[in-house]
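Structure record follows, encoded as C-alpha cells.
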Amino acid sequence: MEPQRQNSGYHGNQQSLRLRQASSPASNQNYPHFNWNSGPTEEDEVDGSETQRDLRALGLPLGLRRAVWQVQQMKIPVVSSSDSWKLKRAKTLRTIRTRGREVLSFLTLWKKTLQKIGGNFGGGVKSYFLFLRFLVVLNFFSFLLIGGFVLIPSIVLTSLDAQLVNNTEFWWQPELEECLEYDPNPQGLVRFYDYLLDLLSGTGFMESSVLFYGYYNVKQGSYNLPLAYLLTAVFYFAFCLICIIVRMGTAARVAVATGGGAVGNYSSIVFTGWDYGCLGDRATKLKQNNIRYQLKVDLEEERLKQQAAALTTTQRLLLYSLRVSMFFLALGFIAAALYGVAVATENSQGRSGDEGILGLIFEYLPSIAITAGNFVVPLLCDQIASVEKYPPTITIILALLRAVVLRLAGLIVLLSTLWSQITCHGHTTSGECQPCHYDHKNYPCWETRIGQEMYKLTLFDLLINLATLVLAEFPRRLLVDHWSNKLTQWVGRQEFVVPANVLGLVYGQTVVWTGALFCPLLPLINTVKFIVLFYCKKLTLFQNCRPAMKTFRSTTSNFFFLLVLVLGLSIATMVMIYSVAEIHPSMACGPFRFFPNIWSIVPNSLYSLSDVTQEFLFFIGSQAFSIPLFTLSCVVMCYIIALASVYGKSVALLRAQLKAEGKDKQFLVKQYEKLRQQLQIPEHSRGP
C-alpha cells in the first residue's frame with residue numbers, strides 16, 4: 001500500500017505523465033524535452049530569470065511556458081473569495097451583454113433585406129432604406145409616448161363620464177356664445193359613400209374621433225390633461241431631436257474616419273472592408289458587389305477631380321458663370337411652384353363647403369399642388385444639374401438642397417396661408433375675428449383644420465407612391481422588357497434616385513411633426529405608411545430598377561440626410577411655438593378652450609404647486625442658476641472643441657504621412673526602374 005500512496009502524490013502523477021508522453025513518438029518528434037520533476041531550489045529562488053531564459057530557449061508557446069514555469073516554481077496563484085466573486089460577476093456581465101447583442105441583432109428590422117440591397121445596388125441605395133428603417137422605429141416609439149400620456153388617459157376619462165368644467169374661473173360673456181358653436185357630427189342619414197369621403201378628408205365622423213385635437217376636451221379629475229397634452233408634445237420633439245443627434249454622431253464618426261474623401265475611404269475599404277463572418281456563396285457575392293460599388297464611387301470622383309484640375313482659367317470662368325445662371329433658373333422654378341401652392345390653398349379654403357367628388361378635389365387641392373411641384377421641379381433641376389457638371393456627391397447634395405427648399409417651403413406657404421385666414425390676416429381684434437380673436441365662422445376648431453390638412457398630406461403622399469408603383473413603374477418595366485425598339489432602349493429601366501426618395505421621407509416626417517400637436521395619432525399613421533413604403537420600394541427596386549449609372553458615397557450622404565431631417569424638425573418646432581404662443585385657442589373644442597393661449601396652462605399649473613416646488617422651479621429659471629450653467633456649458637464646449645481640433649490635426653498629420661510615404665515609395669520604384677534599365681537587370685530578378 002505504501003508504494004501506491006507514493007505513486008498517488010503530486011510528483012508521481014507528473015512522472016507518470018512524463019512517461020506517457022515519452023512513449024509517444026509524435027511527442028518526441030514535435031516537442032523538446034524538459035524535466036517536469038525539477039522542483040524549486042534555492043538557486044531558483046535567488047535568480048528566477050535564469051529559469052525563464054531556459055524556458056524561452058525551448059521554443060514553446062507562451063501559455064505553455066508560463067504553465068511550466070509555475071509548476072517548477074510551485075507558485076500557482078491563489079484567488080481570494082472577493083477576487084473570485086469579481087471574476088464571476090465580470091464573466092456574467094460579459095455573457096449578458098453578448099446575449100443582449102444577439103437578441104438585438106435578431107430583432108433588427110429587415111437586416112437580411114438591407115444586406116441584399118447593399119450587395120446588389122450599393123451603399124447609396126442601402127442608406128435610403130436604413131434611413132427609412134430609422135424613421136419607422138422613431139415614429140413607433142413616438143406613438144407609444146403620445147399614447148401613454150394623452151390617448152389612453154383621455155379614453156379612460158371619457159369612459160368615466162367626466163363632466164366638462166371651467167378650471168380657470170373664466171366667465172363667459174354674451175357676445176362669446178357664438179364662439180361655442182361647433183358640432184362636427186353629421187346630421188340625418190349618412191350614406192356609405194359619405195363615410196368613404198370623410199375617411200379620405202378627415203371630416204364628418206373622423207373629425208370628432210381620437211385622431212384630431214377636438215376630441216381631447218378638458219375633463220374633471222386628478223389628471224391634468226391639458227398640461228399632459230402640451231408637455232407630451234414638447235417631450236416628443238425633444239425625443240426626436242435626441243435620436244437624430246445620436247444617429248448624426250454615428251454618421252459623423254464614420255465620415256471623419258474616412259476623411260470624407262476617396263483616399264481615406266479607399267484605405268478603409270481595402271484594409272478593413274471585408275467581413276470575414278460571411279458564410280456561403282450568396283453572402284460572399286453580396287459583399288463583393290458592395291465593395292465594388294464603393295470603389296467605383298471613389299474612382300469616379302477622383303476622375304472628375306482630375307478633369308476639374310486640368311481646366312484652364314477661361315474654362316473655369318465659363319463653368320462658374322454657367323453654374324450661377326443655372327442656380328437662378330432653378331430658384332425661379334421653385335418660386336413659381338410656391339406661388340402655385342399659395343393660390344391652391346386659398347381656393348381650397350374658399351370652396352371647403354362643397355360636397356361630393358368636387359368637394360373632395362378642392363379639399364385635396366393644396367396636396368395636389370404640392371405634389372405636382374415636387375414632381376415637376378426636380379425633373380427640371382436634374383436637367384440643370386447635368387449642365388453644371390458637379391462631382392457625384394456634390395450633385396446629390398445640391399439636388400437635396402433644392403428639393404428641401406421646394407418641399408419645406410411649400411409646407412410653410414400652406415401653413416402661412418392657413419394662419420393668415422384663421423387670424424383674419426393678422427387683425428384678430430376686428431372684422432370676423434373680433435368676438436373670438438380668430439375666424440370662428442369658417443374655422444370653429446382651427447386646430448382640427450390644421451390637423452386635417454396634415455392628415456390629407458400624409459395620406460395623399462402614400463396614395464401617390466402606390467399609384468406610381470402600379471401605374472408607372474410596372475408598366476415601364478413591362479414595355480422595356482417585352483417591346484424592343486429604339487424608344488424603349490433609350491428609356492430603359494428606371495434608376496432608383498436616392499435624393500428624391502430621401503426628400504420624400506424628410507417631407508413626410510416634417511408633415512407629421514407639424515401636425516402632431518393637432519393630430520396626435522399622426523405618428524402611428526406615419527409608421528404604417530413607412531412600413532408599406534418600405535415593401536413597395538423594395539419591390540420596385542428589385543423588379544423594376546437597374547443599378548445606378550452614377551453612384552455616390554454613402555458616408556457623407558448619410559450625415560447630410562440627417563442634417564436635412566433636423567432642418568425639418570426645426571421648421572415643425574417653429575410652427576408649434578407660433579401656434580402655442582400667438583394664436584388664441586379654439587373656444588369650442590380642445591383641452592385649451594378656457595385659456596388665452598396654449599402656453600397659459602404652464603404658469604397656471606405652476607401656481608397650483610406647493611411653495612417649495614415653486615421656489616425650486618423659479619430658481620432654475622432665474623439668472624442665479626442659468627448664468628453659471630451657461631458659463632459651465634461654454635467651458636465644456638470649448639474643451640470639446642479644442643479636443644476635437646487636436647484630434648483633427650493628428651488625423652491630418654497621419655494622413656499627410658501616409659501620402660508622403662506613398663510618394664516616397666513611388667519615387668523609389670521609379671529610381672529602381674531607372675537603375676534596372678541602366679544595368680539591364682531582367683524583370684524576373686526584382687525582389688518582393
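Count begins at 1; order follows the chain as displayed.
Placed from the backbone N, Cα and C atoms, the Cβ positions cover glycine too.
If you look up TrEMBL, you'll see 1-40 marked as compositional bias 'Polar residues'.
What TrEMBL records for 1-50 is region 'Disordered'.
As annotated by TrEMBL, transmembrane segment applies to 130-156 (among others).
Annotated transmembrane segment per TrEMBL: 227-248 (among others), in sequence order.
Annotated transmembrane segment per TrEMBL: 326-345 (among others), in sequence order.
As annotated by TrEMBL, transmembrane segment applies to 357-380 (among others). Sequence-remote contacts of a segment are chain residues at least 6 beyond its ends whose Cβ falls under 8 Å from one of its Cβ atoms, and for the transmembrane segment (357-380) they are 197, 200-201, 203, 330, 333-334, 337-338, 340-341, 343-345, 347-348, 351, 399, 402-403, 406-407, 410-411, 414, 453, 456-457, 460-461, 464, 500, 504, 507.
For the transmembrane segment (392-415), the list of distant contacts is 297, 300-301, 304, 330, 334, 337-338, 341-342, 345, 366, 369-370, 373-374, 377-378, 381-382, 385, 450, 453, 457, 498-500, 502-503, 506-507, 510-511, 514, 550-553, 556-557, 560-561, 564, 567-568, 571, 575: same-chain residues at least six beyond its ends, Cβ to Cβ under 8 Å. The transmembrane segment annotation in TrEMBL covers 392-415 (among others).
Helix, strand and coil counts from DSSP across the domain 'TMC' (445-554) read 85 helix, 4 strand, 21 coil. Taken from TrEMBL, the feature domain 'TMC' applies to 445-554.
Sequence-remote contacts of a segment are chain residues at least 6 beyond its ends whose Cβ falls under 8 Å from one of its Cβ atoms, and for the transmembrane segment (511-536) they are 110, 129, 132-133, 135-136, 139-140, 142-143, 146-147, 150-151, 210-213, 216, 233, 236-237, 240, 411, 415, 447-448, 450-455, 457-459, 461-462, 465-466, 469, 505, 568-569, 571-573, 575-576, 579-580. The feature transmembrane segment is assigned by TrEMBL to 511-536 (among others).
Taken from TrEMBL, the feature transmembrane segment applies to 557-578 (among others).
Residues or ranges marked as transmembrane segment by TrEMBL: 616-647 (among others).
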Long-range CB partners for the transmembrane segment (130-156) (under 8 A, at least six residues beyond its ends), listed in sequence order, are 109-110, 114, 210, 215-216, 219, 223, 225, 228-229, 231-232, 235-236, 239-240, 243, 247, 502, 505, 509, 512, 516, 520-521, 523-524, 526-527, 530-531, 533-534, 537, 558, 561-562
